[in-house]
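Feature annotations, courtesy of TrEMBL:
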DOMAIN    139-275  domain 'EamA'
TRANSMEM  29-47  transmembrane segment
TRANSMEM  56-75  transmembrane segment
TRANSMEM  87-105  transmembrane segment
TRANSMEM  112-130  transmembrane segment
TRANSMEM  136-160  transmembrane segment
TRANSMEM  172-192  transmembrane segment
TRANSMEM  204-222  transmembrane segment
TRANSMEM  234-253  transmembrane segment
TRANSMEM  259-279  transmembrane segment
Amino acid sequence: MYYLVGVTLLWAFSFSLIGVYLAGQVDAYFSVLTRIILASLVFLPFLRKQWLKPGLMLKLMGVGAVQLGMMYVFYYQSFLLLTVPEVLVFTIFTPIYVTLAYDLLAGRFSPIYLLTAGLAVLGAAVMRYDNLTQDYVLGFFVVQAANLCFALGQVGYKVIMQRESEQLPQHAVFGCFYLGALVVALVAWGVMGQPKYPESGLQWGILLWLGIVASGVGYFLWNKGATLVNAGALAIMNNALIPAGILVNLLIWNRNADILKLCLGGSFILIALLLNEYLAKRFERRGPVEA
């Protein structure tokens, strides 16, 4: 749990740094590529041949491609469509996706998620009911795509590590995770990238911080932490970042935000999440609900 708490505090600043200094100013795909290259350089020196089984390497590359590569592609695009607090609030669905991912691995599906997701969508509409633009709606779904990728990745990593030897040093294979993400980032930048590069030392410095610390150290500690807690704790910790990130943004960068709307809409989304937890536990006591 300490790993997850530490990374939460570390990542609380990332949303605002991206939204304020990079989004719309530096090409999103270049930012993604730069972060992943820097993170890769942190962990590639730790790779050890004796632990690099082909099957494990491919699995970790697949996880990295989804959790980091694809997630970042969606995540950075969301800042072009939404404010930082909105992006943060919309990440509240990630615990539901974490649970869904475990259901998928268990071969079952609980339809109660349709009800709670609908209520959460209502909350998203309340936050911008007087200006429900096409960008806002699109941004909502872009964030959900990022959330889903992040959830699938961390669940996949946890399951993979559970099936491996307890003696496996995770840092000795984690470089494969970044290599998978790098493949996605290279393709995305090559196909959709634009010639908009950092123009100031501050922007380069932010990319260095995000790449080496937030992505490099952060993702390793988060995924390692995921292997040390149960699925319920992992799902809950996915939402701990929301209040921390919003607090940082409102106090430092976005003091004029409509806090009333954010709180009202966020309340609907929180109710949806709590209802989801209540119904999930109730159905769990009765046995799995099949689709």
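Cβ coordinates are placed from backbone N, Cα and C, and glycine is handled just like the others.
Note: TrEMBL annotation is automatic and uncurated.
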Thinking of Cβ pairs under 8 Å, which stretch from 29-47, 56-75, 87-105, 234-253 has the most of them with the transmembrane segment (136-160)? 56-75
Report yes or no: does the transmembrane segment (234-253) come within contact of the transmembrane segment (87-105), defined as 3 or more CB pairs under 8 Å with a sequence separation of 6 or more? yes
When you look at the transmembrane segment (87-105) alongside the transmembrane segment (204-222), do they share 3+ Cβ pairs under 8 Å, ignoring any pair fewer than 6 residues apart in sequence? no
Take the transmembrane segment (29-47) and find every residue of the same chain, 6 or more past its ends, with a Cβ under 8 Å from one of its Cβ atoms. 18, 22, 68-69, 72-73, 76, 171-179, 181-182, 185-186, 188-189, 192-194, 196-197, 207-208, 210-212, 214-217, 219-220
DSSP-wise, what's the residue breakdown of the domain 'EamA' (139-275) into helix, strand and coil? 110 helix, 0 strand, 27 coil
Per the Cβ under 8 Å criterion, with at least 6 residues separating them from its ends, the transmembrane segment (56-75) contacts 28-29, 32, 35-36, 39, 142-143, 145-146, 149-150, 152-154, 156-157, 160, 164, 173-174, 176-185, 188, 215, 219, 223
